[in-house]
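Participant: Below are the structure tokens for one structure; questions will follow.
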Amino acid sequence: MKIHEYQARNLFRKYGIPVPDGVVCHSVEEVEKNVPNDEKLRVVKAQVHVGGRGKAGGVKLAKSKAEAVEKAGQILGMDIKGLTVEKVLVADAVDIEKEFYVGLINDRNSKSVTLMASAEGGVEIEEVARVSPEKIIKMSIDPTMGLMDWQARKIALQLFRDPKEMRQAAAILVKLYRLYVETDSSLAEINPLVLTPDKRVLAIDGKMNFDDNALFRQPEILKMRESTEDEKKEIEANEKGLSYIKLDGNIGCMVNGAGLAMATMDMIKLYGGEPANFLDIGGSSNPQKVVEAMSILLSDSNVKAVMINIFGGITRCDDVARGLVTALQEINTDIPVVIRLSGTNAKEGLEIIREYGLPTVSTMSEAAQKAIELSNK
Ligand code: GDP
Ligand code: MN
């Protein structure tokens with residue numbers, strides 16, 4: 001789960017990481033109402049779940065209230081990497097002497113949380129990692145010990161030479177680690193962490209992701225969830241016992257089993273098609289589940305053909321076929337559907353589908369090719 005910068009800033013504040021004050025506004029009127037009428041330098045920032053807002057024109061400085069209103073008007077409604085800006089953060093701006101990067105991630109290789117830091121902050125860290133990886137300092141944190149003060153100071157010392165600045169940065173790292181662990185975070189980044197001309201170290205951007213599988217024990221984090229339309233669909237599917245991930249292609253896939261779903265997507269790709277989604281309906285022949293899965297698939301206007309790929313193990317193909325027919329009768333769509341059934345009672349299952357009048361195939365590769373062909377019509 002992702003949260004917005006303003007929410008990350010709230011968590012930072014709660015954990016004692018210094019951040020400038022700010023207010024979230026959903027409209028120009030709200031900026032008019034909530035921002036005091038003065039000449040203070042502020043920064044107006046698009047709140048969307050992507051990075052690189054600065055480059056996209058979604059972060060603008062404003063020298064007065066009037067300017068903040070004007071900049072908010074430009075940013076609200078803007079499209080950044082396919083997301084519409086629905087709210088802005090109007091925050092107190094700071095003078096910047098230098099920008100740094102600090103971040104925590106789960107590193108599967110070292111099986112631990114890894115602290116990353118760089119004096120090359122501000123810009124996209126992925127670019128630094130690609131061009132000059134030696135400029136990123138990394139440290140694995142022992143989960144039983146946590147990030148200890150001396151370790152935080154060791155890292156901070158590589159970014160800040162002045163002891164006073166170094167100590168501020170080290171304290172921030174320790175607090176960020178505590179926040180990360182206590183909220184079951186999977187990513188926590190401050191980019192940039194800044195040094196001001198009056199030698200204060202503070203966070204002026206924040207990005208945090210959380211482990212979806214831990215949300216059940218993080219009610220406060222869950223409350224912060226603000227999903228995009230696509231994410232809402234995925235959550236809705238999840239609540240119905242379906243694992244659904246939307247992708248950008250045009251072939252809808254409905255499959256029983258996660259492994260088979262992956263293989264199906266690979267097969268579509270192999271023949272030059274693009275899957276519209278990952279969808280695992282699990283191991284049941286319940287027609288209601290198929291109806292729900294179908295309606296989720298068809299709500300995506302990119303879908304031009306649907307490939308249903310079922311392997312009958314304990315679930316028998318004839319049961320599944322009956323479920324599919326019941327579901328398809330209820331849905332009644334013009335989108336072409338290709339069904340591949342294999343495994344227990346496949347013969348009986350295919351017979352049922354054929355009687356209903358839909359094309360059937362018995363191998364995955366045939367099904368993929370047929371679905372691609374139908375999607376091009
Ligand atoms: P991002 O592009 O989505 O990562 O958004 P950031 O919040 O990191 O802002 C992008 C850039 O805008 C930063 O790297 C800064 O250079 C600049 N910026 C953001 N806030 C301030 C501020 O308060 N003062 C100044 N001078 N620059 C800022
Ligand atoms: Mn940033």
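Cβ coordinates are placed from backbone N, Cα and C, and glycine is handled just like the others.
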Participant: Please identify which of Asn250, Asn256, Asn277, Asn376 is recorded by TrEMBL as part of the substrate site containing Gly313, Ile314, Thr315.
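Facilitator: Answer per TrEMBL: Asn256.
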Participant: Could you give the mean pLDDT over the domain 'ATP-grasp' (9-219), rounded to a whole number?
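Facilitator: PLDDT averaged over the stretch: 95.
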Participant: Of Gly52, Gly54, Gly313, which of the binding-site residues has the most Cβ neighbours inside 10 Å?
Facilitator: Gly54
Participant: Other residues with Cβ within 8 Å of the Cβ centroid of Asn256, Gly313, Ile314, Thr315 at the substrate site?
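Facilitator: Everything else in range on the chain: Gly257, Gly283, Phe311, Gly312, Arg316, Val320, Gly343, Thr344.
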Participant: Quick one: what's DSSP say for Lys45 (ATP binding site), helix, strand or coil?
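Facilitator: Note: Lys45 (ATP binding site) is in a strand by DSSP.
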Participant: Out of Gly52, Arg53, Asn191, Asp205, Asn256, Ile314, which binding-site residues lie by ligand 2, with a C-beta less than 6 Å from some atom of it?
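Facilitator: From Gly52, Arg53, Asn191, Asp205, Asn256, Ile314, counting a Cβ under 6 Å from ligand 2 as near, the near ones are Asn191, Asp205.
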